[in-house]
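Okay, so here's the structure we're looking at.
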């Protein structure tokens, strides 16, 4: 099994370019099967394991998927041969549930095995099912698969009981070809929700209000292929911003939308780091001590849960006490035991992590327990004295393209073995 070996203690310096957003791409690719005419050419697609998995699922439906280069895919879904998405690829990733909305919209039926992803807590799809049923679908779950069908889909008002990115996107996809208008209330506002809406509109959909908590989708007769570029990855950018601060380095992160990073920038500034925004870049550097801060994860525009774990690593060597409250996922502190192996002083109480900063971490053999915990471990290795070995890095590969190569470009001593 592959692992990462890091010889820590070097400040990161230089510039790095951010890829397209994982969280947008993994919804856009399933949504591409809505196009009954023409082909979708999608660029700025991150070269990650989750995308490769989706490519295989789309091919299994009978679609033609051509890789034009490492970051560009051409998808022709004119002739889909099955409405069943089953098998190991479907089961092992959460984003496969977007095939439910896409197949339901286009064919009025689907069978999709229940997905997995990162082991960070219960990920129910009750809000998805509630929305599909409101549109007129009948849903059953049997033998680990969602079976769904409808004579027709009729637009309606859907109020989400909780803010859910997955449910917002899935219902947005499903409603594109419904009769009449669908209104999604208490919708998620994340940048990748907006990006999926923009992609749907590029195919001919009529989606308005994405980025607010009320989204209106007026159904159309058909969707067609289009050319589209995936939005830059807010989470990858945030991870490199945090790594720059943690190593007390000086890094310019390019191909970003600074507005999407404001909650992260605000916390870094509060700690004492310097953040300079350009039109499509952010520079992070440190020229003094960093102090502890308190933070609470929240739906966008709040502090993103997906960079909470890397932030925990940064705070582990900041002066004073910090408290992180995780409000999105109930089991997203698995990285803490790994950080403690490296000398961090952290106590978990329920959804809170109480961190007392130490002067330094020391290298150890640690495990990437999930995707973002893996990023936290990489940053921990970069700031530690000695050698760190990270195992289970298949989790990291799900969301960070060629992570060791990017950090090497910034001067890190990191190799994959």
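Even glycines carry a Cβ here, placed using N, Cα and C.
Over in Swiss-Prot, the protein carries these features:
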- 118: active site, proton donor (ACT_SITE)
- 22, 23: phosphoenolpyruvate binding site (BINDING)
- 94, 123, 124, 125, 126, 127, 306, 328: UDP-N-acetyl-alpha-D-glucosamine binding site (BINDING)
- 118: 2-(S-cysteinyl)pyruvic acid O-phosphothioketal (MOD_RES)
Fewest Cβ neighbours within 10 Å, where candidates are the binding-site residues 22, 94: 94
Proximal but sequence-remote residues of the same chain as residue 328 (UDP-N-acetyl-alpha-D-glucosamine binding site) (Cβ under 8 Å, at least 6 apart): 297, 298, 299, 305
Neighbour-count leader, CB within 10 A, binding-site residues: 126, 306: 306
Cα separation, residue 22 (phosphoenolpyruvate binding site) to residue 124 (UDP-N-acetyl-alpha-D-glucosamine binding site) (Å, whole number): 21
Distant-in-sequence Cβ neighbours of residue 127 (UDP-N-acetyl-alpha-D-glucosamine binding site), under 8 Å, six or more positions away: 160, 161, 162, 164, 166, 167
Greatest C-beta neighbour count within 10 angstroms, which of the binding-site residues 23, 124, 125: 23
Residue 306 (UDP-N-acetyl-alpha-D-glucosamine binding site) versus residue 22 (phosphoenolpyruvate binding site) - Cα distance in angstrom: 11
Where residue 22 (phosphoenolpyruvate binding site) sits in the secondary structure, as DSSP reduces it to three classes: helix
